[in-house]
Amino acid sequence: MQVHKYDVVIVGAGGAGMRAAIESGQRARTAVLTKLYPTRSHTGAAQGGMCAALANVEEDNWEWHTFDTVKGGDYLVDQDAAEVMAKEAIDAVLDLEKMGLPFNRTPEGRIDQRRFGGHTRDHGKAPVRRACYAADRTGHMILQTLYQNCVKHNVEFYNEYYVLDLLVVEDDAVREDGTPYKQKRVAGVVSYDLASGEIHVFQAKAIVFATGGAGKVFKTTSNAHTLTGDGMGIAFRRGIPLEDMEFFQFHPTGLAGLGILLSEAARGEGAILRNSEGERFMERYAPTIKDLAPRDIVARSMANEVREGRGAGPNKDYVLLDLTHLEPAHIDAKLPDITEFARTYLGVEPYTEPVPVYPTAHYAMGGVPTNIKGEVLQDNDTIIPGLYAAGEVACVSVHGSNRLGTNSLLDINVFGKRSGINAAEYAKTADFVDLPDNPTAETIAMLDVVRSGTGTEKVAAIRSDLQETMDANMQVFRTADSITTALGDIEKLRERYRNISIQDKGKRFNLDLLEAVELGFLLDLAEAMTVAALHRKESRGGHYREDFPDRDDANWMKHTMLYKDPTAETEGIKGIRFGTKPVIFTRYEPMERKY
Amino acid sequence: MTASTAEPASKVELPASVGGGGEIPTFDVTLRVRRYNPEVSDESHWDEFKLTMYGTDRVLDALHKVKWELDGSLSFRRSCAHGVCGSDAMRINGRNRLACKTLLKDLDTSKPITVEPIKGLPVEKDLIVDMEPFFQSYREIMPFLVAKGHAPTKERLQSPEDRERFDDTTKCILCAACTSSCPVFWTDGQYFGPAAIVNAHRFIFDSRDDAGDMRLEILNDKEGVWRCRTIFNCSEACPRGIQVTKAISEVKQAVLARQF
C-alpha cells in the first residue's frame, strides 16, 4: 500500500473535475485521480451548447434563464441554486472563452448563440437564442480547453487510478438543540492503479467528487461504457444519502437502436420530428414551442406516438428527425458531427433522408446532495466538512426533475469552479483527518471476493439482464407494476452477482475485474432509482407514472433522500431508508407546466 | 399520456423508403487479435475468435463479444463507443482506426480481421499501449492559449473568418491514430509526431494567441516539423477527418515565414 498526501484530491477528470482542478491547483496542492485519461471523459460527447444570458444576439437576461430552469425542472429545482447558476453562467462562458475555447462567432466577432429546448424569452413567450456553442462539439471543446488549461497550470493527474472507496470517519457531536449525532469527516480515498493492480491511498484535507453519471444501468443510452455511477455508489455505501434518484432524463433523439446522441441543437437549427405519417406530432403536445419543448415532454411524446401505432420503420418502433428542408451547407456548418454519426452508424444521409431516432437514457438529475457551495450533505441540514461534489454525480439541485439542454455543461463549469475554490480554501485552514486503521481493508476484501470467485455467473450476462429490465420497466412510462418487476429482477440479479467469477486473474490492466466492480455499483444504483421511483406516487418531469399521471404538489413537492441503513426497509427493500428534503423556493410559485 | 385532439398542421409526405429495410442481417467473422501479457510471457502471439455478428456491429462490438462471452482477459481501452473520446485507436487490418467507428460490414469479412495495438508506443497488455510519450510531446508544444495584454471584460472578439482559420485542427481527440501511423515516429520516438503538431497548429493560427513564435521555435527543432516526410499516413488515419499533413505543411510555411 502506498500513501500519498495532498491538500485537495479531485476524483474524476471530466468537465467538473478539471474545472475544479484549475481553481484548486492554483491555490493548494492538488491531485486529480481519474479512471480514464482526462480527455476520454464523457463531457467530450456533449454537443449542442452551454446556455448563458449573454444577450449577444437578442434580448435576454439571467432571470429568464432561472425561470426556464425552474419550470423545466417541473418546480423541483432548488431556486437558490438555479439563480446562482444562471447568474454565474455569463462568467462561466467568458472564463472558457478567455481560456481559449473556440466558440462560433457572430458577424461582429462575438460569441454566437442559438435556440435550445425549454429556453425562452420572457417566461415562455417564444424560444430564445441562449446557447453558446462550437458547432455540435461544444462538450469536446470544453473538455479540450479545460485539459489544456490543466496542462498550463501543471495540474497533477493520476491517470487510470480507479477510486474504489471514500475514507469516512464519524465523530460524536451534538446539534444546537442538544440532540447527539454522528458527524462524518473525510480522511481520503482508496484507489486502484489499473496499470499495476496496486492499491494507493490518497490522504487529503478536502475531496471533490466529480465522477459523472450512471447511464449504463440502461441498455439504450448515450452514455459511455465507463459511466457506471462509481462516485454515487461509493458515497451511498459510506452512508451518504442519494437525492432524487427516480429522476432520469431520456434524451429524445438517440439514433434508433443504438442510443448514440443526436443533439437537440438539430431541432434548435430547425429540424422537425415526424411520425410514420409525416406529421409534425409535437404540435399536438406542445403547441407553442413544439419541437423545442423540454426533453421529458418530447421523449414521452415520441414514445406515445410509437405506442399508438404511428412509429416509423419495419417494426414501427421509432420516429424520424427530419433535416431535409435545411440547406446542406447550413447542416455542415452547424451540425457536422451528428450528421456523420447518422451516416456512419445507420447509413442514412441526413441531407435527403429523415433520421430514425428514439429516446435514449442520458442524464441522472439526482445524485449526491450538495449545497450551492458544493459541500456534500450527510442529511438535510448537516454538511460533511471537506467533502465536495460537482457535475452529474451531484444533486445541488439545479435540474429538479428534468434538466434543460445545455444546463449540464453549465452546471459542471459553475459548480466545478465553486467546488474547486471552496475545497482549496477549506484545505488552507483545515487539518488532515487521521486515516482509519487499516484503510484499505474493505477495498482489498471486495477485490479479493471478485478475483477469487468461482461461481458460474458472468458479469456481462448480469449487466445485460439489468439493462434489459431497466429499459423495459423504468423508461419514459412507468407504473407500479413495471417498477415492481424491475425491482424484483434487480434483487435476483444481486443474488446472481454473489456467484460470479472472472477469467482474468492478473494484476496488470485487469479490466475484467474493473467491469465486475462497476457492475456492483450499477446494481446498487439501479436499486436506488427503482425504489425511489416506486415510492414517488406522482408524475413530475422525467418521472412519469401512468398510475399517477398528475403532478401532486400537496404530497410530493419535496426531494427524495435515500439512505443506506441496515435497520430500515423501503418498498420491501431491506437496508434502504426513505427520507425527504424540502425544495427551496425564492421567486417562483409552482404553476402548471405548459409549453 | 394521451395527445390532445388538435391535429398537426405541418405534415409532409414521406418517401416509401423511409426507415430502411427490415431485419438486420447476421454474418460470421474471424477476429485475429495480437495478444501480449508480460505477466504470462514476454512474447506476443495471435489468437483467433470465430463470431456471429450483426450488420450494424463495429469492431468494438466484436472485441466486446470476445471479452464478455469468450475470453475475459482480452484487454483494450474504450469509453464513448462513437468516435469522440479517442480511447480505442488500434491497427485494424493494418490501418489505424477507431474500433468504435469501424463497421465490420465495411471490412472484408471473408478473411480474418486482424487487430493489433497501434505502433511506436510501448505495449502494456494486448491492445493497450503506454500513452505517456504521446501526451509528453503534446504538452511540450504549449497546447493552451497564451494571450498577452489585459483581458477584456467581455469576450475577446474574433471574426468568423479568423475562427474558421483553425477550425480543422480543433477537432483533434488525441487518439494517437495519426502519430502512431507515422513511419518517422516508428523509427524515431523523439519526433513530436503529427498530433502534437496539429495541436500546435490549433493555437498558432488562432488570432487570439500570442505565443505562435515560441511554438514555431519549438517545432523548428531537429525533432520538429522538418522530420515530416509528407507520407500522408496521418491524414488517412485521422478518424476526425483532419487534414493532418496540410496542417503540418502550414506550420512548416509559418516557420519559414518567421525565420528566426
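The first residue you see is number 1, and the count goes up from there.
Yeah, the Cβs are placed from backbone N, Cα and C, and that goes for glycine too.
Automatic prediction, not curation, is the source of TrEMBL annotations.
Feature list (source: TrEMBL):
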- A:ARG295: active site, proton acceptor (ACT_SITE)
- A:12-17, A:34-49, A:ASP230, A:GLU392, A:408-409: FAD binding site (BINDING)
- A:HIS251, A:SER263, A:HIS362, A:ARG403: substrate binding site (BINDING)
- A:7-409: domain 'FAD-dependent oxidoreductase 2 FAD-binding' (DOMAIN)
- A:HIS42: tele-8alpha-FAD histidine (MOD_RES)
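The secondary structure of A:GLY48 (FAD binding site), as reduced to three states from DSSP, is coil rather than helix or strand.
A:HIS251 (substrate binding site) has its Cα within 10 Å of the Cα of none of the recorded positions A:GLY12, A:ALA16, A:LEU36, A:HIS42, A:GLY48.
Taking all protein chains in view, 22 other C-beta atoms sit within 10 angstroms of the C-beta of A:LEU36 (FAD binding site). The binding-site residues shown are A:ALA16, A:ARG40, A:GLY44; of these, the one with its CA atom nearest the CA of A:SER263 (substrate binding site) is A:GLY44. The subset of binding-site residues A:ARG40, A:HIS251, A:SER263, A:ARG403 lying near chain B, with Cβ atoms under 8 Å apart, consists of A:ARG40.
Site extent for substrate: the farthest pair of Cα atoms among A:HIS251, A:SER263, A:HIS362, A:ARG403 sits 14 Å apart. If you compare Cα positions, A:LEU36 (FAD binding site) sits closest to A:HIS42 out of the recorded positions A:HIS42, A:ARG295, A:HIS362, A:ARG403. Taking the C-alpha positions, the distance from A:GLY48 (FAD binding site) to A:HIS42 (tele-8alpha-FAD histidine) comes to 14 Å. Here the candidates are the recorded positions A:HIS42, A:HIS362, A:ARG403. The one whose C-alpha lies nearest to that of A:GLY12 (FAD binding site) is A:HIS42.
Rounded to a whole value, the Cα-Cα separation of A:ARG295 (active site, proton acceptor) and A:ARG403 (substrate binding site) is 8 Å. Of all the binding-site residues given, namely A:GLY44, A:GLY48, the one with the smallest number of surrounding CB atoms inside 10 A is A:GLY44.
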